[in-house]
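Worksheet: the structure to be examined is printed underneath.
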Amino acid sequence: MEGGTAHYSPRTVEEVFRDFKGRRAGIIQALTTDVEDFFQQCDPEKQNLCLYGFPNEVWEVNLPAEEVPPELPEPALGINFARDGMQERNWLSLVAVHSDAWLLSVSFYFGSRFGFDRADRKRLFSMINEVPTVYEVVTGNAEKQTKEMPSSANQNGNRSKSNSKMRGLESKSSKTIHAKDEEEGLELEEGEEEEDEDEDEHGETLCGACGDNYASDEFWICCDMCEKWFHGECVKITPARAEHIKHYKCPTCSNKRARP
């Protein structure tokens, strides 16, 4: 899979960091400069595809390694399946997030394999943390951070505000069905009646894929085109992935739009 770099094994902190930067540069190249080529290679009709970055700053879209367990940690599997069900920028952001996780896993795999002690691991993480993440580069947040450079106090404040906004967005999402939380000490008759009505309505909801009834402990998502509800598992959408989707189209609607 590594193509000429399969036997390359960095053994020092500096070598591992150099390996990290090379792989990171390749992935950024795929998600920015070569984005059209990358988009075309991630055909949803193909099998589970992964985005690989190599130490020589080359990227590749390919099937996962056949050997089990693989020689190195594997990147996110099946990035091509969500391509046509999301806006392109949201899909690229999702791939970037998973790529960041993969880059860290590869670096600390080398750290564990070659016995880095606590000081080495801390130094490696500090070196990695000094460069913007792939996600920050792809979304443009890296440039904003270099311009703003907020103080640590402001960073903590912004982090709290960001978390509160995320909670607000999750509670207001129109795409997912969540079981309502019971609020202790607040028993309003009108609220209880509304909850009963919602439960009756959701109980009659059928999955557009498998035809099963709605259950409160399952994740569901609604198609913005046909307005049908689907089990997340039936359409291969997770709650984490749904957060990045602004306008979801089910597989049937996606195929209809793709036809000439």
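From the backbone N, Cα and C atoms, a Cβ is placed for every residue, glycine too.
Listed features, source Swiss-Prot:
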MOD_RES   Met1  N-acetylmethionine
REGION    142-203  region 'Disordered'
COMPBIAS  148-165  compositional bias 'Polar residues'
COMPBIAS  167-181  compositional bias 'Basic and acidic residues'
COMPBIAS  182-202  compositional bias 'Acidic residues'
ZN_FING   204-256  zinc finger
SITE      Tyr214  site 'Histone H3K4me3 binding'
SITE      Trp220  site 'Histone H3K4me3 binding'
SITE      Asp224  site 'Histone H3K4me3 binding'
SITE      Trp229  site 'Histone H3K4me3 binding'
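The zinc finger (204-256) scores a mean pLDDT of 81 in the predicted structure. On the backbone, the CA of Trp229 (site 'Histone H3K4me3 binding') and the CA of Tyr214 (site 'Histone H3K4me3 binding') stand 9 Å apart. According to DSSP, Trp220 (site 'Histone H3K4me3 binding') is assigned to a strand segment.
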